[in-house]
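Copied from TrEMBL, the annotated features are:
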- 10-20: compositional bias 'Low complexity' (COMPBIAS)
- 61-504: domain 'Major facilitator superfamily (MFS) profile' (DOMAIN)
- 1-47: region 'Disordered' (REGION)
- 522-558: region 'Disordered' (REGION)
- 53-74: transmembrane segment (TRANSMEM)
- 109-129: transmembrane segment (TRANSMEM)
- 141-163: transmembrane segment (TRANSMEM)
- 169-190: transmembrane segment (TRANSMEM)
- 202-220: transmembrane segment (TRANSMEM)
- 232-253: transmembrane segment (TRANSMEM)
- 318-339: transmembrane segment (TRANSMEM)
- 354-376: transmembrane segment (TRANSMEM)
- 383-405: transmembrane segment (TRANSMEM)
- 411-438: transmembrane segment (TRANSMEM)
- 450-473: transmembrane segment (TRANSMEM)
- 479-500: transmembrane segment (TRANSMEM)
Amino acid sequence: MNSSMEPKDLSSALLTSDTSCPGPSGPGREQPECHRPRGSGGRPLGQGRRKDWTFSLLAASLVGAFGSSFLYGYNLSVVNAPTRYIKAFYNESWQRRHGHPIDPDTLTLLWSVTVSIFAIGGLVGTLMVKMIGKILGRKHTLLVNNGFAISAALLMACSFQAGAFEMLIVGRFVMGVDGGIALSVLPMYLKEISPKEIRGSLGQVTAIFICVGVFTGQLLGLPELLGKESTWPYLFGVIVVPAFVQLVSLPFLPESPHYLLFEKQNEAGAVKAFQKFLGKADVSQVMEEILAENRVQRNIRLVPVLELLRAPFVRCQVITVVVIMACYQLCGLNAIWFYTNSIFGKAGIAPGSIPYVTLSTGGVETLAAVFSGLVIERLGRRPLLIGGFVLMTIFFGILTITLTLQDRAPWVPYLSIVCILAIIASFCSGPGGIPFILTGEFFQQSQRPAAFIIAGTVNWLSNFALGLLFPFIQKSLDTYCFLVFAAVCIAGAVYLYFVLPETKNRTHAEISQAFAKRNKVYPPEKKADSATTDETVNGKPEPDSSSTLDSYIKNRVV
């Protein structure tokens, strides 16, 4: 492919004439229908593509998510059902070594560490992503990551037989490393292989499989399955299965074409990858679009984290990602996942019924995540994200009232359960998956690894803080503890209402334009776009402009 194809020739091949159409829209705004690129049938390019899910795209998303975000969700919920058996195991191990039972406060501390060290491992994994990803790429990083999952599964499953509770704690840490790498690399991989028309739906696969993982952990934790005293170690051994499936399946799928082109300068490999993912031989238009971006970033190295934090033209994007990821963890959903049994116990549910009521939470969040994936390209990211946080605020307030008044009437505890299910549905319909999508959409290729490190760091530190502190918050505030989460949700919703633009079907250049007014600085590539526009107005277009194809089409239509 000739990367220096002149825009004039390219536009003639892509566009059809329509003299009755009004002028093109301004930068950063939606183009009129008649100004969008059209195919040979006269239909705007992109129409109908939402249904054009090729086998390779489906396989990459399903296999990638099953061995990555599924395991993250599974490990959020798997420690819930066998809690009493694990604590008994800790007590027996302690008594065998020291000759006396473990102190209750020490047991509480060990249990809190067991739950929260998963997040510390996630932070370590996130910080490893840039170094590993630069060398191995997206696909091979996911493959290597399975080594962490298999090692963690063996440590945790064998801890009971070995009589060493330290193996369970170390296994949780190693599993956190796997989750940290997976939740940074998988969204990047899915974002870079998907056409922008289905980018949101494909990105929601990450959230859907997190919910499926949570549900599976709850299901296998039932007493009729593996949630018994004699079989609880096998709950952790199950982790080997998704890791093995990804390990034997993902090698048959291509690497990210963006990674091949931008970081490996392998244009032929990128063409083959796009042909496989898009299911067609002619990928010249897609390649020309990203080659235009490549010309802008040709001499740009991967941006370090500190440099990205200091860059004025992405300051608002960075702040927004930090706010979104902090709210994602601190909104209270992980508290419900980690401590569902105790919450339902306080709601008055009989101990024998708690595992089955808990199972309903996993089913509801899975259905809500699937719903979000189906409507995200129609409704957009902004309404789902803000609306989810607002609904969570309302239901957290109602939950506080019902828990406070649960002894007043026999039906009040059941209203508490309805509130919990509504909170979970509100979270998974928007805030549960969209933060990962937005992190990939806000930043260009050279900035994306650093952006995911920042997002992952905030995510895992918030996760750790919540897992460690929530038992003490619950003990101090009792039924009013959920008002803390309501405050977090409403604060996040207000911030996003005033700052977050809609990113649906927008290119990176258009998203940067939307943020430019708040940053009060135009990014370098935007200046190039502006220069091209001025030259076009003056009748002197440069044949080899460094602006993106989208900006060119906006300002010059045949």
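In case you wondered, yes, glycine gets a Cβ from its N, Cα and C as well.
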Outside the transmembrane segment (479-500), six or more residues from its ends: residues with CB under 8 Å to it: 316, 319-320, 323-324, 326-327, 330-332, 335, 346, 381-382, 385-386, 389-390, 392-393, 396-397, 399-400, 403-404, 438, 470, 473, 518
Segment-segment contact (the transmembrane segment (411-438); the transmembrane segment (354-376)) at 3 or more Cβ pairs under 8 Å: yes
Which of 53-74, 141-163, 169-190, 202-220, 354-376 contacts the transmembrane segment (383-405) most, counting Cβ pairs under 8 Å: 354-376
